[in-house]
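The block underneath contains the structure these notes are about, expressed in structure tokens.
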Amino acid sequence: MFTIALAQLNPTIGAIAENAEKIVTAALQAQARGADLLLTPELALCGYPPKDLLLNPSFVEQLEEELQWLAEKMPPSIAILVGTVTPHHQAERQGQKKLWNSAVLIEQGQIKQWFHKCLLPTYDVFDEDRYFASAAKSEYFIYKNVKIGVTICEDLWNDEAFWGQKFYQVNPLMDLIDQGVNLVVNLSASPYSCGKHYLRESLISHSAKRFNVPLIYVNQVGGNDDLIFDGGSFAVNSQGKIIGRSPLFQEDLALLSYDLSSGELTGQKLASLPMVDTEELWQALVLGVGDYLHKCGFSKAILGLSGGIDSSLVAAIAVEALGKENVLGILMPSPYSSDHSIQDALALAKNLGMNTQTIPIGPIMATYDQALVPLFQDAPFGLAEENLQSRIRGNLLMAIANKFGHLLLSTGNKSELAVGYCTLYGDMNGGLAAIADVPKTQVFELCRWLNREQTIIPPSVLTKPPSAELKPGQVDTDSLPPYDVLDGILGRLVEKHQSPQEIINAGFEREVVLKICQLVQKSEFKRRQAAPGLKVTDRAFGSGWRMPIAQAFHPQGS
């Protein structure tokens, strides 16, 4: 019997020396707990995804140097399989990819073997074919007379029996089975979307049972730009039963035992999963906000508090991620702000224990109005004047953030961002859009969940009609359909890629569907200039959304 440790790590992209130290620490801890073999996530040495850092030769050189340092620092009694980038030295032909996405085996202070990723994803947020060469097949190493097959992330996602179709021509897992492996490990950096860990476990359990081989899956954890990695590393036996699992959204070192006589895995820990999707989503957003600030060098956040539900939720997330003393809320009431909204904002801040400052914007609005009289003359009050209020607020928030070194959190939700119900250089200002991938209906669900044990979000915030309060008596439904209808349409259009006619056939009014489709298309220029938003659904308006701005395509049925 030998013991395998799964190091579920939270690397910082480009912090190569720091990441190497983290791996050494994990190895020493694993050795102290009796482990013989340590597994890290995909590209653990540089962090995933490194993107165009890979085009910098010095980045790759530093990775090579740190890999050698890592080998020298490894305890001699433990072997390690570490995810990193390695040069493709045979890539001499001009234009051929010169890098591998690799797993490197280190034993007794020596680099013994290299394993390269076969399947390179190019969908959604992935663009690996831009940088890496694709290996012809997966390979194995022998450890204590056990053939251990090595795969990297996507290599396990081509089980045609599970999906009902093949996505790639080769199946690395099947290649390893044909080579007679006894155990398969997978080094992964699989980004989070709500409920995705269930899909991973279902897929890998199915594959283990299909091929009668135990499988180990070790995932990255932490936030890197718009992506959140949820961890949840796990192992299954040859019958497809999960026998060990690390917790979601935190670093972990889990141990497994491999029985040489039975050829089976046994686990020492089976972490429970969140009871509801809302709890899981909350944990993801908290991790994403905290890591984004810390990895960008910020310790404090600022946001505008309007008394509405979106800013209330973002404030609660920020306080949980950073601590109440590190979050500042700014109230900026205008002549159109209701008294109850001001009181709701103050009540929220009191419930969270965070500090606030109030800056009435009426005098600034008057100055703008006076300056624009020669141009606007007698034109009636309209959208330009409404947006000026938002831009005044955005300007004030950026000034305060700039003055004190805080990061400004944008508070817009996915529903608003989709249809452009937001103001460029106004409420869209910020360094991070915390809930930009959370639909409005889910914002309400999160706030109700937060209030399950004690009142954090003031009850009136949950019951009053949503409003931007940029003119007298304004409510969101003056411009948009009810949010349950809007989110139903957007979910089908954005995440399920349905055509307007398919959405209409699902029971939505034709006129409403066509209006929403048009708004989504016309608002691309706003999304292109938005702050980075944390991805929590299968399709976000982030790095995986690549729509043109100047375009005239209209789907059939529209």
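Quick reminder: no glycine exception, Cβ is built from N, Cα and C everywhere.
Swiss-Prot lists Asn387, Lys526 as binding deamido-NAD(+), and of Glu416, Glu495, Glu502 the one it places in that same site is Glu416.
Annotated ATP binding in Swiss-Prot involves Gly304, Leu305, Ser306, Gly307, Gly308, Ile309, Asp310, Ser311 plus, out of the candidates Thr367, Thr411, Thr423, the residue Thr411. In this structure, the CA atom of Thr411 (ATP binding site) is 33 Å away from the CA atom of Cys153 (active site, nucleophile). In the three-state DSSP scheme, Gly304 (ATP binding site) falls into the strand class. The binding residues for ATP are recorded as Gly304, Leu305, Ser306, Gly307, Gly308, Ile309, Asp310, Ser311, Thr411; their greatest pairwise CA distance is 12 Å.
Mean model confidence for the domain 'CN hydrolase' (2-262) is a pLDDT of 95. Residue environment of Lys526 (deamido-NAD(+) binding site) contains 20 other Cβ atoms, counted within 10 Å of its Cβ in all protein chains. A Cα-Cα distance of 14 Å separates Tyr123 (L-glutamine binding site) from Cys153 (active site, nucleophile). Take the Cα of Ser306 (ATP binding site) and measure to each of the recorded positions Glu42, Asn387, Lys526: the nearest one is Asn387.
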